[in-house]
Structures are given as structure tokens and as C-alpha cells.
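A short worksheet on the structure shown next.
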Amino acid sequence: MVRLNLAVVALAAGALSASASASSSATPLRGLLTDAAKYQPTKDAQSQLRWKCLDGSKELSWSAVNDDYCDCPDGSDEPGTSACPNSSFYCHNTGHMPAYIRSSRVDDGICDPECCDGSDESDGKIRCPNRCEKVGKEYRKKLAELDNLRRAGAKVRDKYIAEGRKQKELLHAEIAKLEIEVQVATENEARFKAELTRAETSDKALIDAKVKTPLYTKLVDYQNAIRALHVKNAALKAELQTLTLLLDDLAKGYNPNYQDMAVKGAVVAYKEWRGIASAAAAATATGEVKEEGENNVDQIAGENTKLNELLDEGDWPWAKLSTLLSDDPLDLMDRGLGGALDDKRVYASETDGGLLFRIHEYLPDGIVPYFEAMVDTLLDVLMKANVITDVKRMRPKSSVGSESEPETVSVARRAHTDAAAHLSRTTHELSSLKQKLSEFSTRYGRSAEFKALENKCFSKDMGEYTYEYCFFGRATQIPNNGGAQISLGTFTNFNPKHDKSADEDAYWLQQIYARGQKCWNGPERSAIVDLECSTENKVLDVFEAEKCIYSIKVATPAVCFPPQQQQAQQTQQDGGHQVKDEL
């Protein structure tokens, strides 16, 4: 009977041991995710539960896990205690957001706010209530408020984007206009340069005679007419594009509820002219009707067929017309007389090999004027006898430095100087505008949303000083009790740490203002500007974070990015885990 009782006791003890082992392997460990597959024990030959450190350095009894003694070098055996200094404790926070805290804060007698479920304190030193339901409710309420704020700010941001795109289109039109002006100025400079060369190398009487002919006058008039028509056409194109942008804004912002039939009729007629109304009707017929407010920036800019037809240059583009202006009228007249008169024309220049026109190079300076007079007399006799009909001669340069140049040369030189100066100014202006255009995506945001804020300033009174912040301008410290203003720097760039890509929203959330006024016995002042989403622009806070380095917090709708995009980036930054502290 005694033996039977002992056997029963042994069986019961074995069953309890097996049940405890099974329970220990099935119960989630404290301080771990519920699906922590790496914390699963194995049985050895004696059916004892064993477990290896995550770094593989040791094998322990399963009972050594979370026994408040650090056995593993990597601290992986104590996820739920403070025994290992470098490990992390996982708070489930059911009803709120999970979080990790350092293991040294476990069972330290302090209720950590990150663990709203109180799981970090379980040794009886202090009782931490489970506040996750309340905290989660407050967090979700705050999240909804932030989302509403972001959506309201995003609508203002859309207006900034529309304004930025409008300014970009105007800049494109101005560049196109200047490109034509540069082309015309280049041709004028070349023409005046040729006239200067001709004035310096040709006989004045012959040129004056040609200039007075009706043919020369007609050629000049035709070329001037072509240039004037081209400039006028370019100006009309630019004005057409500008008016189209203005009407786009009217069509986009028009409110039909005001029942202004005149404006409504004008908007409907304009949409029909642009083809927008037909496109909208087609979209309605196919069921592709977007929600109100969605894609409101690009609603008008889809159809440009009518505008492109008006801007098309047809069979006579400027590249073709410019060929008619490349020749000087005098050269055209000379070529027009070619063929029948080539055998009678005599050309002479410094490069001609004829001895008649180079003999003065071998004569003493005092005899050269008499020789030139004799040559002129001979040429006049030949021309009157119809032996030759035309002559171009280069007279030898006078060795007398005080002799003034002919009036025709002076006039031609002044005209060429003015044309060259105009070309230089126009080219510089065009280069400057192209530089501004290239900065749109790198300076004013991915969608040019910051362009509308350029040089707009906002200030905040901080007691002793008032701080003024200007978008893409200066940051200034202004004493409230009088005194000189101090520059904290001018805008330099976004992303001062150079650790993010322009495709990321976080890239546009921080600016640096550098090269401010030098501190006394210190470096130049600078400021780091942190931007956050809001429905209005304002300076929130300013303080001197380090010596001569200021921190400025600014609210602006320009950084109210689409919520889905920001949430995806936030998840990526957190390594795929959404971890939130208590608000």
C-alpha cells in the first residue's frame, strides 16, 4: 500500500514537472514581443529545457532566462530584467502604441511613461497602473487633430504650389522672350561689326553712293520689318501665355455659387476654347470624376492644344527667317551685281597681291600722299572710261597719331559699341533668369511650394529681443530697448546635415542661415531653422542653443505634406515598427 502511494506521488510530481515545463515554453517572456521565435527552448537528452544565447556563445538552462542574473555576453538572456545593462525591454502597451525602454529602467521603482501598461515594474516595489486605454485615447485624439491641421495646411500649400508654378511659367515666358532678344542682339552686333569693318576698309564715297540707292533702302526696310515683326510676335506670344495663366487662375478659383452670369459665361467660354470643358465631360462620361479638392493644382493645366496651335510658328520659324537677315544689304547688293560685272571689278585690300595697291609700302612716308593722289586720279579715269565699274581700296594707315579717324568710322564704331553693350546686358540677364529657373527644384521645394514665401518676414517678441525671420532672406535680432540690429545669418540651404535626399519630406524641414554678424571674440553667428506644419506662417520660438548658434522654430503650411507620404516615410525611419512615446 505504501509502495502504491509512493508511485502515485512520483507520477503526480512528474506530471506537474512536465506541465510546468510546457507552460514555461508556451508563456511569452516578459519584455519580449509575443512572437519572439528566437526565445524557444529545446530539450536535451535528459528532456531538460535548454536555450542558447542569441550570439551563440553559451547554452543555458531555460530557467536561467529572466532570472535577474546576466549570463550571456550579449545580455540576451535577460530581456525582462535589469541585470544586463545593454539590452532593451519591450512594453506591449495594449490599447496604445508599443515601446522599447532600456533594461536598466526595469524594476527601478519608477513608472516609466513609455510603458503605460506598467509592465516595467513587477517586483512589488511600486504599483504602476495600466493607463494605456486612457493614453491611447488621448493619443488618437491628438493624432486626429494633427491630421486635421495637416489637411487644412495642405490646402494652403496647394495654393503656394499653384503660385510657384505660375511664377515658373512666367519665368519660362520671360526666358523665351530674352532668348529671342539675345538672338536679335547677336545679329545686330555682327551687322554693326561688319559695318565698322567696312567703314574702316572701304572708300567713303562709294559706300555713301550705295547707301543712297533705292535698292539699299528697300533691303534695309525689309530686314527691319522682319525683325520688328519677329519681336512683336514674340511679345504677343509672351502676353498670350501670361493671359492664359491669369484666366487659368480665374477658371480654377471661380465660385459658381455667386451666380455671376457674366463671369460664368466667360469661364465656360474660356474652358471650351482651351478644350477643358470637353475633357471634363469625357472624364464624367467614363466615371473618372475625382473628389472635390483632389488634384486642384493640375486641374486647369491639362489641355494646351489650342494654345500650342497659336504658338506654332508654321512654315516660317525664326530659324528660317533669320537666314534672311544674316547678310548685310551692301553685301547683298555686291553679290547682286556679280556675274556680269565680275570681270570689270577691281578689289584691293591689305591682303591683295597687286603691286599697284602695295607699292606705298616701299615708298618713304613723305611721298605716300602724292602717290595716293596719283592713284586716285588714275582710278577715276579708268572708271569714267568704263574700264572698271567698282573699286575697294585700303588706304595706308597714317603714321601721324594725332590724325582723327573719318566720321563714318566714328559713327560705325559707336554703333558697334552700343550693340555689343546691349548684347552683353541681355546675355547676362538671360543667364541670370536661367539660373533662377534651375534653382526652383533645389531652392524652393519639390513643387516650388516655397517660392510664394520668398522674402516674406515674420517676427516674435521674446522679451529682451524681437527676432525677425525672412524666408530665403535674413534672420535678425532686434533689441527692444534700442540699439543696433544683429544679423544671425542669411539663408544658405535646406538639410544642413546633408544626410537626407530631396525626395524625402524631412529634407525640407530644416534650414541653415549662415554668415551672420561675428560674435565678440567668437565665430560668425548662424541659425538652424526647424519648420513644422501649420495653417499660418509664424515664428514659434527662438533661443541660443550654443554660443553664437541660434535655434529658430517656424510654423508654415509649406511643409504640410500629404499624410500618406509622411506616414510611409515615418514607418521606414522607424525600421518598420511604429513606436510612440506617451504624449
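The backbone N, Cα and C atoms fix where each Cβ goes, and this holds for glycine too.
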>> Tell me which of Cys457, Cys470, Cys560 Swiss-Prot records as disulfide-bonded to Cys533.
In response: Cys560
> Swiss-Prot tags one of 148-151, 476-479, 544-547, 580-583 as motif 'Prevents secretion from ER' - which one?
Replying inline: 580-583
> Going by Swiss-Prot, which one of Cys470, Cys519 is joined to Cys548 by a disulfide bond?
Replying inline: Cys519
> Of Cys115, Cys116, Cys128, which cysteine does Swiss-Prot list as the disulfide partner of Cys91?
Replying inline: Cys115
> Do you know which of Cys132, Cys457 Swiss-Prot records in a disulfide with Cys470?
Replying inline: Cys457
> Cys91 (disulfide bond): which of the disulfide-bonded residues Cys470, Cys519, Cys560 is the nearest Cα neighbour?
Replying inline: Cys560
>> Please report the Cα separation of Cys470 (disulfide bond) and Cys548 (disulfide bond) in Å, rounded to an integer.
In response: 19
>> To the nearest Å, how far is the Cα of Cys115 (disulfide bond) from the Cα of Cys457 (disulfide bond)?
In response: 43
> In the predicted model, what is the mean pLDDT computed over the coiled coil (130-252)?
Replying inline: 87
> Can you check what DSSP calls Cys470 (disulfide bond), collapsed to helix, strand or coil?
Replying inline: strand
> Across all chains shown, how many C-beta atoms besides its own are within 10 angstroms of the C-beta of Cys533 (disulfide bond)?
Replying inline: 21
> Which of the three DSSP-derived classes (helix, strand, coil) applies to Cys548 (disulfide bond)?
Replying inline: coil
> According to DSSP, which of helix, strand or coil covers Cys560 (disulfide bond)?
Replying inline: coil
